[in-house]
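These notes concern the structure reproduced below.
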Amino acid sequence: MQNQIDMVKDEAEVAASISAIKGEEWGNCSSVEDQPSFQEEEAAKVPYVGDKEPLSSLAAEYQSGSPILLEKIKILDSQYIGIRRTRGDGNCFFRSFMFSYLEHILESQDRAEVDRIKVNVEKCRKTLQNLGYTDFTFEDFFALFLEQLDDILQGTEESISYDELVNRSRDQSVSDYIVMFFRFVTAGDIRTRADFFEPFITGLSNATVDQFCKSSVEPMGEESDHIHITALSDALGVAIRVVYLDRSSCDSGGVTVNHHDFVPVGITNEKDEEASAPFITLLYRPGHYDILYPKPSCKVSDNVGK
């Protein structure tokens with residue numbers, strides 16, 4: 001019971017943090033009405049998954065902006081080796097998670113992790129069936145994700161290279177299908193644990209759990225927040241670190257970069273928590289997620305507040 005209470009407190013804190021960030025004014029738009037078209041134009045310039053870039057490219061965006069943001073980017077630059085941008089089309093969280101996870105498996109060749117997540121994928125399939133989803137509505141999405149898992153493991157005729165992984169992630173027919181896989185998995189977990197998620201959903205949108213899943217989870221192009229991240233992390237058993245880039249400062253006036261680790265439910269002791277340390281790190285700016293690459297020798301927790 002205490003663990004559940006702690007989880008609720010953590011989720012409430014994250015929800016408040018994200019809401020505060022979303023309330024900030026960003027960019028150089030002259031009015032709120034200008035922002036949607038501006039964002040669409042900017043999004044179209046970025047592929048679904050971009051190239052890996054140095055953090056200096058992020059700093060260049062804010063040279064004439066907030067000194068606090070520039071200071072925070074300096075902190076990020078000391079902790080992270082690069083950033084990979086994703087298209088800001090409402091699917092950026094899922095695309096970032098997709099590429100970061102598959103990239104990790106391709107580089108690590110962690111067959112035990114592939115075996116583990118396949119078990120969770122099968123549980124997610126049964127969850128959807130038990131909820132009344134018909135197989136034809138989601139089966140193709142599940143099959144394509146499992147195919148990618150098999151193809152990134154080396155040693156078979158179907159094995160793919162790193163460049164091919166990038167190409168597939170930029171291929172709409174592949175990328176969108178995997179995003180839909182994640183959306184179904186997320187919706188299934190939210191519906192199954194409706195009692196847990198309901199307070200956060202009603203607090204954000206005044207919608208029921210069913211309405212929220214139908215309008216804000218399952219459709220392509222709908223943005224993700226802490227509810228989606230928690231559900232996907234728990235369903236697949238994959239920890240996710242989200243680093244927040246905002247204008248906030250410490251009570252003392254200093255500058256820190258806050259992050260939150262979404263640790264899958266069921267992690268109850270320090271040994272398990274250490275074993276499940278996030279290998280996926282995402283950067284959150286208002287309404288958008290990109291991928292961050294930690295420097296191998298850096299302990300992020302030393303200088304980045306949790």
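Any Cβ shown, glycine's included, is placed from N, Cα and C.
Residues or ranges marked as active site by Swiss-Prot: Asp89 (among others). Under the DSSP three-state reduction, Asp89 (active site) is assigned to coil, being neither helix nor strand.
The feature active site, nucleophile is assigned by Swiss-Prot to Cys92, with similarity to another entry given as support. Annotation for Cys92 (active site, nucleophile): same-chain Cβ neighbours under 8 Å, separated by at least 6 residues, are Thr86, Glu223, Ser224, His288, Tyr289, Asp290.
The active site annotation in Swiss-Prot covers His259 (among others), and the record cites similarity to another entry as its basis. The Cβ of His259 (active site) has 21 other Cβ atoms within 10 Å, all protein chains considered.
The annotation active site is assigned in Swiss-Prot to His288 (among others) on the grounds of similarity to another entry. For the recorded site, His288 (active site), the DSSP three-state label reads strand.
Residues or ranges marked as domain 'OTU' by Swiss-Prot on the basis of sequence analysis: 81-295.
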Legend entry - All-chain count of other Cβ atoms within 10 Å of Asp89 (active site): 18
